[in-house]
Structures are given as C-alpha cells and as structure tokens.
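A.B. asks: Starting off with a structure, shown below.
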C-alpha cells in the first residue's frame, strides 16, 4: 500500500471533476481538464479548465501588444539579426524618453514606443486585476489575492508613471529589459544618494525577508505534523487536534510563542502586502521630498558623516561636451 510522503507528493488523486456553487448557482464546468503526471509530483495533477472571460482576453491582448512592442524594439537595436538578438538579448532594452522631453510626448523612436508599451502593460495588469477580483467574488472567496496584486500593480505604476510625473520627466522611468532595468536601479540609487539609506527601502527588504522566513517556518511545520493530519489546516483552525498542539508546543519550546493555524496566513498576507507598499512609499518620497537619502540620514543622526579624504568627483553629465 502506498504511503503519503511529506517531501514530495507520491499519491496523485484523480477523480470526476466536482462542480462548485458559484455566483449563479450550480453550473457545469466549461472545458475538459487533463492531467500531468510530472506536475502531480509537486502539486495537483489536474490542468484546467481555464476561464478567461472578457477581462482575461483583454489582459492577454494588451499584454501581448506590450510584449511585441518591446521585442520589436529590441530586435531593431540589432537590425533584426536573429543571431545577435539571442546573443545580446540580456543587454537589449526599450528606454524611456530623454530628459529634454519632460512630460511631453516624444517621437516613437525616441521614447514614444516606451510610453506605448507602458500604457498597454498597465491596461493588461488592470484587466487581469479585474479578472482576479471577479473570479474570487464569483466563487465566494475573499478578495485577499486581488488586493495583494493591486499593491504590486501600484508599485509598478510608482516606478514607471507616478514618480516620473511627480519629478516632471519621463526619463526617470524604468526601461524594459533584463540588464537595462538593473542598470536603472543602480543609477537611481546613486542619483538620490544611495537608496539603501532610505528607511522605506529597508522596511520593504525586511518584510521580504520576513515573508521568506514565515513561509519556510510554516511550510516546514505543516510538513512535520502532516503524519498527524496537520495538512488539513482548515479543520485544525476551529478544532485543534494533536498535530496543531504538537506544532504549537514545538514553537513555544523554541521561541516561547506560537502562531495559530489561521494567524500565520494572515501574517504572510500582511508581510507580502507591505513589501510592495513600503517600496512604493520609498519611491514616491525619492526626488520629491528627499533628494539625497544619505544626507537625509546624516541630518537625522541615522548615518555617520564621513570625512572627505579625496576631492569631490563632478557628475560626468555636468561636464562640458557631455551629451544633453
């Protein structure tokens, strides 16, 4: 007889698809699911059916348009040479308009395509959010996933639209591309006095580490007590059995305090939400209320004022002959 393993799923449950009472009553599923043996090794083996609906189709259409704009502009950088496109893919990018355009509409070849790609990407994310929210309501679920996703969308809007608007230049936006967007992150930090001194950046990183710690601790705990039925978490919320009692005792022995089966999920949801919220606040404060985070920390006693041993290095962009 097969036994249940907690490191990987050895038993794959397959049976008739059970309908769920939704917003419009009991309805049969549209589409026929199929099964994947290998995906069943790490999760549910059933694939589909997938429901797109109007908002899902719109999200797919807008997203595909944004991706095509980005890829065609990347290909144009290497004169549509397929070999060079794949060879240099990580270095190719679609860049925002130059600072000289401010908040104006630039020509397509000089940042206009970046604006169009950003517009379609925003429409795609917004349409997908509507889909996530409406599917949750149709199934009678809470809308927790939708609001976490909304926080992530807000962060994307902050770095690509809201922050450039507040400082008055599209050039502050993030380029599309693998290395280009990482280069932007480095330049953004240097321009505003080392972003690591921004407290909200620290909060965001702290919440991100907290998410990893919470998920690791919770996942390991449930796997450890699965032999006692701890994987049936919904039942254990209202009727604690030996699994939860053992898990709680372990954590009280270890750190003196334990979460409940319900509260640990609330912590994870809140921490993941605050990763994006904290990062968004930091972006919005940068360049608007704080021009140099290091000097801001020195002023408020949060960082040491290092003596200048070497002469100040001028900004290369301010030197005569530099491109404007």
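Placed from the backbone N, Cα and C atoms, the Cβ positions cover glycine too.
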A.B. asks: Which of these ranges is annotated transmembrane segment in Swiss-Prot: 172-197, 198-223?
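C.D. replies: The listed stretch tagged transmembrane segment in Swiss-Prot is 198-223.
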A.B. asks: Can you check whether Swiss-Prot puts residue 89 on the same side of the membrane as residue 230?
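C.D. replies: Domain labels do not match for residue 89 and residue 230 in Swiss-Prot.
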A.B. asks: Which one of 2-26, 27-51, 52-76 shows up in Swiss-Prot as transmembrane segment?
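C.D. replies: Per Swiss-Prot, the stretch marked transmembrane segment is 52-76.
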A.B. asks: According to Swiss-Prot, which listed range is transmembrane segment: 235-259, 260-284?
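C.D. replies: That would be 260-284, per the transmembrane segment entry in Swiss-Prot.
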A.B. asks: What average pLDDT is reported by the model for the topological domain 'Periplasmic' (167-197)?
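C.D. replies: Mean pLDDT for the topological domain 'Periplasmic' (167-197): 93.
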A.B. asks: To the nearest Å, how far is the Cα of residue 233 (Fe cation binding site) from the Cα of residue 181 ((7R,8Z)-bacteriochlorophyll b binding site)?
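C.D. replies: Rounded to a whole number, the Cα-Cα distance is 41 Å.
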A.B. asks: Just the number: how many Å between the Cα atoms of residue 265 (Fe cation binding site) and residue 251 (ubiquinone binding site)?
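C.D. replies: Residue 251 (ubiquinone binding site) has its Cα 16 Å from the Cα of residue 265 (Fe cation binding site).
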A.B. asks: Please tell me which one of the binding-site residues listed here (181, 201, 251) sits closest to residue 218 (Fe cation binding site), measuring Cα to Cα?
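C.D. replies: When the Cα distances are compared, 251 comes out closest.
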A.B. asks: Fewest other CB within 10 angstroms, which one of the binding-site residues 181, 265?
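C.D. replies: Least crowded of the binding-site residues 181, 265, by Cβ count within 10 Å, is 181.
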